[in-house]
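S.K.: Pasting a structure below so you can have a look.
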Amino acid sequence: MSEIKDVIVQGLWKNNSALVQLLGLCPLLAVTSTATNALGLGLATTLVLTLTNLTISTLRHWTPAEIRIPIYVMIIASVVSAVQMLINAYAFGLYQSLGIFIPLIVTNCIVVGRAEAFAAKKGPALSALDGFSIGMGATCAMFVLGSLREIIGNGTLFDGADALLGSWAKVLRVEIFHTDSPFLLAMLPPGAFIGLGLMLAGKYLIDERMKKRRAEAAAERALPNGETGNV
């Protein structure tokens, strides 16, 4: 159970692919102009990570070490092609919006990195969980960045959600404030870099605060009974 918890915590927070490893920044910065686009690409990446980790872990004993990387890339490309066709069939609007960034998941360092670092060494169930956790960590980062950019830039949230979830999702659109002239800085690539920088700073501050609280709690437990540590 502790290993499962560690895999989940590492993927979602401690070893977050976007905020700690800084991998896959090209799609992260390019696609996150809206929350819908960010969520769509994040979920697609999560599905690819989960399936490729599961497949590579299952086949790890039959994969020659000398040619393992080309085999990993072939497996990843096959899964990405299947996911691309699914999005094309069931979410064509999202497919058009994401464009080239769906097939580019094949070259995403996150996918190949987890295959080599984790799936090739661990069992199928734990590898699938690792892929899912890493993918959801990246999805959360994309979603937060996309939401911030959409709110600041257009004053809306979940605009175009019907492209991802179907016509019923039009009711999810929220207009936080009305604007006739969008704030282009937030919608263009410079806004993505600024937003990512703020998210990195925020995560650092949260980690430092948590580290300080753990240190204070450990110091209090180490004191003899009745002592408070105050002079």
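Glycine is treated like the rest: Cβ placed from N, Cα and C.
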S.K.: Going by the topological domains in Swiss-Prot, would GLN10 and LEU148 end up on one side of the membrane?
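M.R.: They are annotated on opposite sides of the bilayer.
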S.K.: State the residues, same chain only, that lie 6 or more residues beyond the ends of the transmembrane segment (18-38) and have a CB under 8 A from a CB inside it; answer 'none' if no residue qualifies.
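M.R.: Distant Cβ neighbours of the transmembrane segment (18-38) are 45, 94, 97-98, 101, 104-105, 108-110, 113, 137-139, 141-143, 145-147, 149-150, 153-154, 157-161, 163-164, 187, 189, 192-193, 195-196, 199-200, 203.
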S.K.: Short question: most Cβ pairs under 8 Å with the transmembrane segment (125-145), which of 63-83, 86-106, 182-202?
M.R.: 182-202
